[in-house]
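J.: Following this message is one structure expressed as structure tokens.
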Amino acid sequence: MLRSDEVQRHTLLSGMITWASDFSAWLLPSYTWPGTHPPSWLAPIWPSAARRRVIKIVVLVALFCLVTWALCTRIPQRSTQVTQRPQRPQQTLHPHPQPEDPFPPTHATDFKIHDPSIIHVDDTYYSYSVGEHILIHEAPSLDGPWKRSGTVLDADSVIPKGDRKAPWAPQTIRHGDTYYCFYAVSNSGCRDSAIGIATSKSPGPGGWTDHGLLVQSGTGKGSEEHPFTSSNTIDPSVLVGEDGQGYLMFGSFWSGIWQVPLDETLLSVAGDTRSEARQLVYMEKAPLPASNHPNPLCREPSGARPIEGSFLSYHEPWYYLWFSYGKCCKFDTKHLPPSGREYSIRVGRSKSPRGPFVDKQGRDLANGGGEIVYASNRDVYAPGGQGVLTETSGDTLYYHYLNKTTSYDFWEARLGYNPLKYVDGWPVPQ
């Protein structure tokens with residue numbers, strides 16, 4: 001059944017067709033025998049048939065323009081009304097609907113930071129990050145404003161290897177009445193690395209003691225023991241479990257992420273690392289080609305595995321092992337990696353801090369598993385270097401990321417965060 005506006009338009013168009021037929025007969029009459037066609041009403045004014053024809057054409061053009069203008073001012077209005085009909089708005093406004101982004105937007109800040117570590121003490125948030133002598137920033141909230149307040153170390157690290165001036169990827173925790181800052185020294189692309197530790201009675205700058213070496217790989221004392229013969233001792237993360245036992249997680253590329261228990265002081269490894277070390281994250285098949293570096297400590301003959309940046313958190317009754325996967329840095333804007341190969345944040349869970357940790361599909365993280373929790377979306381690119389801030393109000397996932405509209409440069413990474421909601425025991429960024 002035709003709608004009222006369609007009936008009106010049908011009547012209007014039918015009338016126009018009838019009028020056009022009559023008018024064409026007047027303008028261009030069919031041939032008739034002399035004396036059978038009625039004389040034109042213009043004949044007394046313009047006896048010339050040619051002039052009369054010109055006048056008729058001018059009148060026709062004027063009428064055509066008038067009718068066209070009238071239709072153009074009426075039909076779009078009705079078309080808009082049809083577009084807005086509730087029965088099918090998506091057919092007009094979204095002819096090709098796109099799936100929703102699987103990740104929420106980041107809570108963005110203007111705080112430039114890489115591999116952040118954040119704790120909350122009283123009314124102040126403290127961040128610790130890569131930079132000369134380990135940078136400390138303070139803020140009244142995660143949103144900032146963040147202000148640099150000093151450094152952890154007063155001088156270069158006492159560990160005689162790697163980048164002693166600017167230790168990497170620190171993690172700071174509070175245990176008892178002491179603050180512990182675990183840090184790494186290394187050289188990019190090689191596993192001749194070490195993890196050190198500094199302690200203080202307060203979270204801010206000043207009063208920190210550098211205790212030096214905790215573990216190391218590549219060269220030096222203890223590097224000939226398992227698992228340091230095949231691992232890369234950077235990206236330290238420490239958690240004191242519900243049983244009071246401290247655990248150190250570390251690793252980047254090579255043989256993946258490992259865990260060793262710490263003694264009660266958190267300043268030394270407990271027991272025999274050969275028997276106590278656990279491989280938590282690994283993949284048998286390397287997704288990246290082997291390197292041919294002349295230095296064997298900078299070579300991965302079986303191929304590269306972009307696994308690093310581990311962090312262990314607890315939300316009753318599960319322990320969650322987080323890690324970063326993919327390319328983190330040195331992006332060429334003209335040759336970005338295929339989508340999905342840049343940094344992303346992944347997780348597995350276990351009832352024990354020792355693992356094994358599995359993803360939603362039940363895959364062991366030590367056998368290629370890992371649930372993607374947060375990845376590139378909208379303006380967010382390559383989020384990683386993550387941690388989880390646990391407060392009475394809930395857990396918050398924080399990380400660094402690159403803004404696609406700003407820069408892909410390493411030092412342009414910003415702090416982003418998302419509160420976590422746990423659904424069926426799995427963390428979901430909000």
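A Cβ is built for glycine as well, from the same backbone N, Cα and C atoms used for every other residue.
Annotations per TrEMBL:
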- 53-72: transmembrane segment (TRANSMEM)
- 78-107: region 'Disordered' (REGION)
- 78-95: compositional bias 'Low complexity' (COMPBIAS)
- Asp115: active site, proton acceptor (ACT_SITE)
- Glu308: active site, proton donor (ACT_SITE)
J.: Calculate the distance in Å between the alpha carbons (Cα) of Asp115 (active site, proton acceptor) and Glu308 (active site, proton donor), and round it to a whole number.
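T.: Roughly 11 Å, rounded to the nearest whole number.
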J.: Note down the number of other Cβ atoms within 10 Å of the Cβ of Glu308 (active site, proton donor), including every protein chain shown.
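T.: For Glu308 (active site, proton donor), the 10 Å Cβ neighbour count is 26.
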J.: If H, G and I count as helix, E and B as strand, and all else as coil, what does DSSP give for the residue listed as 'active site, proton acceptor'?
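T.: Once the DSSP labels are grouped into three classes, the residue listed as 'active site, proton acceptor' ends up as coil.
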J.: Measure the Cβ-based neighbour count of Asp115 (active site, proton acceptor), defined as the other Cβ atoms within 10 Å of its Cβ.
T.: 25
